[in-house]
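Below is one structure, written out as structure tokens; the observations come after it.
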Amino acid sequence: MNAGVFLLPLISSLPPKRNNSIISNTSKPISNTNNEFRFFFRISRNRREVGRVRSDVKSEPYDITESKASDSIKFGEKLSLSEVVKVKDVLESKGSWLEEFPKRWVIVILCFSAFLLCNMDRVNMSIAILPMSAEYNWTPTTVGLVQSSFFWGYLLTQVAGGIWADKVGGKAVLGFGVIWWSVATALTPVAAKLGLPFLLVVRAFMGIGEGVAMPAMNNILSKWIPVSERSRSLALVYSGMYLGSVTGLAFSPFLIHTFGWPSVFYSFGSLGTVWFAIWINKAYSTPLEDPQLRPEERKLLSSDSVSREPVKDIPWGLILSKAPVWALIVCHFCHNWGTFILLTWMPTYYNQVLKFNLTESGLLCVLPWLTMAFSANLGGWIADTLISKGYSITTVRKIMQTIGFLGPAFFLTQLSHIDSPAMAVLCMACSQGTDAFSQSGLYSNHQDIGPRYAGVLLGLSNTAGVLAGVFGTAATGYILQHGLIISLAID
């Protein structure tokens, strides 16, 4: 049963006010730690103002800082929903489709591509480890050490990546992350030949690069994407991770069989350099920095009054004292507890319980991840549609996270009653599909409650999520081993 079921009341926790809203902060940097950056939640009940994020400096229970008016910047005027629609019509009516493609969605697609590469480079080791262990005579303990070394670096850079992204901008940090882990991926065969210690260091370095990716992406999208498009943009980006797993699992066996196991690391690593070249030329951390941004789109993005300037200081004490922040941390822990267990143990379940040949049953094995990619985007579209129809952001986030917790809890409990392999795979696919609705729940909520500190907030919650993966995977093995011992003793 998914532990997150009991945490639904915490998601997007709010003070007992009639007007709920997202955390909106002023456009001013923090001058000292005594300033209060308040989490101010308000979504207008008037449908004509849906999708508009307001900046307020009134004293509210969940704001985190208060900034000086002299430090503010004026990015543009706020737009009503009708004005936003008119601007979008102008954007869509001018020039060719390619020339007039919105720049904010160029950023989204590039982030999607980065996450596609991220999981391609991560899962290739799970395939290549078989011929590598045979060539170097590694024991199962050594194989486990190699597999876990990635998380040493990945865990270290979650919060650090968030701080860095919030201070210098998401473009530099995400670009650094992709080129860093791509180089580490390409160096993996060389490190393996030099010896196990070199391989462990390179894998940890790869984790360092991938660890900054999620906070940096969250930071840059908080600057580029208006609240009315937030759910679908994040869903598309995160679906890149699922499709990356599918792509890596599909191409790795072919490359290994045709060219040898080093080819997986060389080919996948080289793709990162291609992405980096495009990213440097096309991406900007904020709309303010993009000299080629069309005036119509600039006006549309200016309706969101959140500051696009990097922050100067992080008010840690005030951030960590807020209930919504801890709600996100605990929710992320519970979500990843189930997700990482499935990621780690699903192949074993297929092989030992369902008696699948993993090579011959490739489509069935990746079906849950394909389902996640589809349902994540479906959930994003549903969430943004509900917001556009006047539902508060808090209500929409709770609806999406309810599906993301209760859905997997229901379908996974059915596995103990199913004997048919086909039905078991269907339950796994439904479990993963409903789990993906969390992309429009907890994963979107960081930008709702603290857009200027979106990188730091995701770094904090994802650190807890990684710890859940480490402990949950180990606990599952312990339970399975001792459960089997108890079962044999009873028999």
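Keep in mind that glycine also has a Cβ here, set from the backbone N, Cα and C atoms.
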Select from 366-387, 454-475 the stretch of residues annotated by TrEMBL as transmembrane segment.
366-387
If we skip the immediate neighbours and take only residues 6+ beyond the ends of the transmembrane segment (105-125), which ones have a Cβ under 8 Å from one of its Cβ atoms?
146-147, 150, 174, 177-178, 181-182, 185, 188, 203, 206, 210, 213, 217, 220-221, 224-225, 233, 236-245, 247-249, 252, 264-265, 268-269, 271-272, 275, 278-279, 282-283
Please tell me whether the transmembrane segment (366-387) and the transmembrane segment (233-255) touch - that is, whether there are at least 3 C-beta pairs under 8 Å between them, with each pair 6 or more apart in sequence.
yes
Whether the transmembrane segment (198-221) meets the transmembrane segment (145-165): three or more C-beta pairs under 8 angstroms
yes
Can the transmembrane segment (172-192) be said to touch the transmembrane segment (325-346) if we require at least 3 CB pairs below 8 Å and skip pairs under 6 apart in sequence?
no
